[in-house]
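Visitor: Quick one: the structure is below, and I'll ask about it shortly.
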Amino acid sequence: RALRLVGGRSRCEGRVELEQEGTWGTVCDDSWDIPDADVVCRQLQCGYAVRAHGNAAFGRGHGPILRDEVGCEGHERDLWECPATLEHDCSHKEDAGVVCSEHQEWRLSGGQDGCAGRVEVFFRGTWSTVCNSTWYETEATVLCRTLGCGDVLQRPSFGHTLPGKMVYMCGSLQPSLAQCRWTFNKSAPCYQSWAAGVICNGTGF
């Protein structure tokens with residue numbers, strides 16, 4: 001009864017894959033919606049669903065299509081408990097995917113390209129800024145590398161204009177900011193902070 005998400009940028013987003021008798025397969029997107037995705041996110045301890053994707057948004061899977069017309073109400077403990085049909089007329093171009101609330105993704109906005117600007121993080125369904133109170137060379141380097149933008153040139157500051165605030169503290173160079181210590185919407189570490197920015201030495205997009 002194993003379940004995983006494949007093709008996303010963290011373990012909390014991607015194409016939904018189920019294991020049945022040792023073989024991994026996918027789920028068809030017919031009637032795939034937020035209550036179905038909620039069950040997947042909760043089962044993986046990834047919070048709740050913020051997006052339910054169809055049309056192989058995270059790439060086409062392989063193997064059997066194990067579920068079609070999934071009809072979770074949203075409270076089920078795992079995806080196998082939800083009603084579904086085993087007969088299907090789907091192909092892998094209809095593989096279902098999810099983005100869960102505990103997934104984090106980043107972008108740089110307002111700069112001249114995707115490798116410069118204000119740091120913004122998508123988390124729990126909304127875009128937020130990052131407080132610069134702990135935004136040092138290490139944190140900025142982790143982000144530049146995660147975005148494929150090389151290394152840090154500068155760390156400019158911006159105003160906070162989005163509803164949420166995130167703080168990252170990286171003791172060392174982690175694979176992504178999500179693996180550093182972080183807190184979301186705690187006022188103390190953000191008191192009198194500016195929004196973090198970064199200019200990386202690579203060019204994006």
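Backbone N, Cα and C define each Cβ position, glycine as well.
If you look up TrEMBL, you'll see C72-C82, C170-C180 marked as disulfide bond. Here TrEMBL flags 3-101, 106-201 as domain 'SRCR'.
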Visitor: What is the pLDDT of the domain 'SRCR' (106-201) when averaged and given as a whole number?
Guide: 95
Visitor: Which of the listed disulfide-bonded residues (C170, C180) has the least company, meaning the fewest other Cβ atoms within 10 Å of its Cβ?
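Guide: Lowest Cβ count within 10 Å among the disulfide-bonded residues (C170, C180) is C180.
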Visitor: Among the disulfide-bonded residues C72, C82, whose Cβ has the fewest other Cβ atoms within 10 Å?
Guide: C82
Visitor: Can you grab the distance from C72 (disulfide bond) over to C180 (disulfide bond)? Cα atoms, rounded to a whole Å.
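Guide: Cα of C72 (disulfide bond) to Cα of C180 (disulfide bond) measures 34 Å after rounding.
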Visitor: Per DSSP, what is the residue tally for the domain 'SRCR' (3-101) in helix, strand and coil?
Guide: 16 helix, 34 strand, 49 coil
